[in-house]
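*Asks:* TrEMBL lists these features:
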- 335-362: coiled coil (COILED)
- 21-319: domain 'BBS7 beta-propeller' (DOMAIN)
- 377-486: domain 'BBS7 GAE' (DOMAIN)
- 494-596: domain 'BBS7 platform' (DOMAIN)
- 599-712: domain 'BBS7 helical hairpin' (DOMAIN)
Amino acid sequence: MDLILNRADYLQVGVTSQKTMKLLPASRHRTTQKVVIGDHEGVVTCFGMKKGEAVAVFKTLPGQKIARLELGGLLNTPQEKIFIAAGSEIRGFTKRGKQFLSFETNLTESIKAMHISGSDLFLSASYIYNHYCDCKDQHYYLSGDKINDVICLPVERLPCITPVLACQDRVLRVLQGSDVMYEIEVPGPPTVLALHNGNGGDSGEDLLFGTSDGKLGLVQITTSKPIHKWEIRNEKKRGGILCIDSFDIVGDGVKDLLVGRDDGIVEVYSFHSANEPVLRFDQMLSESVTSIQGGCVGKDGYDEIVVSAYSGWVTGLTTEPIQKESGPGEELKINQEMQNKISSLRSELEHLQYKVLQERENYQQYSQSSKAKSAVPSFSINDKFTLNKDDASYSLILEVQTAIDNVLIQSDVPIDLLDGDKNSAVVSFSSCDSESNDNFLLATYRCQANTTRLELKIRSIEGQYGTLQAYVTPRIQPKTCQVRQYHIKPLSLHQRTHVIDHDRPMNTLTLTGQFSFAEVHSWVVFCLPEVPEKPPAGESVTFYFQNTFLDTQLESIYRKGEGVFKSDNISTISILKDVLSKEATKRKINLNIAYDINEVSVKHTLKLIHPKLEYQLLLAKKVQLIDALKELQVHEGNTDFLIPEYRCILEEADHLQEEYKKQSAHLDRLYGMITDLFIDKFKFKGTNVKTKVPLLLEILDSYDQNALIAFFDAA
């Protein structure tokens, strides 16, 4: 990675959404460009850089929160008209700031994503996609799951208009008019789409996608089927991808791939002789990157990557060197420039301090007056609660527009807080009385100064469901706090998938009764993550799920008056039976419940657990030996007398202890799953075997797979 870029902060606006910053086209090659950005206060700001200072070109009045900002214009001409989406309205501005368009779309939901191509406008709200041409309605599509982004293949290069929707259910939907031409399965929920090289690549059909779990891929959208070109797995466990751009920052004549992630990482991928991209540069910023563009902003002739962050900072990563070459007279000039800049910053700081004092006095007077309604300052929180497939844990990401003072985590359901690498906050636990007030967890994270982003890792237990609450207190006066709630679902470790193995031994749960399609769908939403809140179109629906911890699977097919659930894990069926019957009873609906238990599935599930259990037991055994082996090493002075296996344990001691610390509750979790499996197997037979659990735990302590299977069969 030989690319060196230097950071320069240009300007701060209000809080920004994904894809709300663009660079206007340059008048000549490598001359400075203007930056245009929209924020949550509804303000569009356009500025350029002069002598190291940000100079405003125009700034609009506040209004509704800006969700997207795109550039447009006539096809094959510079795209310099600015379009913003705010609420259900589209507004257009010239590069000088004059408004020339105000188009009310009459959508019932706020616009979430937008793409513009000539006179064609492609919009999506949460579930609805609309295509307009010259502001006249052309096509409409209702998606089965949330739409995160919309794009259209270049209409000037291809014979027909081909819009593509990035949907939350891990699918790209390719449209023709108002119909789906075909669907493309991708390895994670796609959050952002971009044309490869900015124009669709050589064929005009190449489309880049980024997912919420940090994966990146390229797919060719042909008229008949998709062709997967490449895919980059998120090996380094980095954040989700929010923005992508193509720009030749390396300067080798080939456009590089610029990527911005929600954990603040900016990446540059280059295309060498291989078709797959190679990481050339990465840099960590302190907050999520909402937009990314390649261009020239700070100084003529120096290319840079311009990013906007969640809190509204516009920052450049520029190729301009920090140390300038100083010839005769240059040093004096540089010193004079620096002096001018310092005095300018000093006067600006004094002005801001005076303004803060004034506002504080105004605030005191207002809060004491009889007309004061609420003196509590508002602040914006960007939060994300997602399940990670790799380690079957949830990530809770909290990002605030100002520094966080502390975060209190409270849960009415048993959960484990795991150690996170990206978390520098100090955590302290308070004792809980779970019997009297349903408190299973109370933990406080005290953040270091200037921390605006906190990432926590949580692991839940399937079958135990409730609410996790985060009380977020920023470093602002007067003290104020916001609460965010997250539902821990009964089958919280299940994740949507597209295909399952139908040859596995399956247990079946069948529900029949006087319930509507919407009612049974609401029960499934209550039980399982990643299910769309609205019932999908049609009379029935099929969803497939995979347990991220055990790799067992679940198939759910339901319609009005009937629901069929199949799983190779009896415990999954048992949890569904208990929760669904409870939900139906709440609504006073009579349910007829039938189940078909496959005895072979128990052995099958135990075999799935076996490698994980064996690995954890071996890890625990190795960690127990470390202290004794270290003592021997000190006593003998070397490790030559030890067998290779023990020498290996000593060499990897730090790594083993680190891993054991991270997975401290793993063994207990596996023991719990085997115990639940044992109880559930006999519960369906009408037998209570809780008295035999101590004997089962004894067998697990001296674990042997065959002995365990024999115990399950004999009990």
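Cβ from N, Cα, C; glycine included.
Because TrEMBL annotations are produced automatically, they should be read as predictions rather than curated entries.
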*Asks:* Between the domain 'BBS7 GAE' (377-486) and the stretches 21-319, 494-596, 599-712, work out which stretch tops the count of Cβ pairs under 8 Å.
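*Replies:* The stretch with the most contacts is 21-319.
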*Asks:* Where DSSP helix means H, G or I and strand means E or B, what are the helix, strand and coil counts for the domain 'BBS7 helical hairpin' (599-712)?
*Replies:* 93 helix, 0 strand, 21 coil
*Asks:* List the helix, strand and coil residue totals of the domain 'BBS7 platform' (494-596) as derived from DSSP.
*Replies:* 28 helix, 38 strand, 37 coil
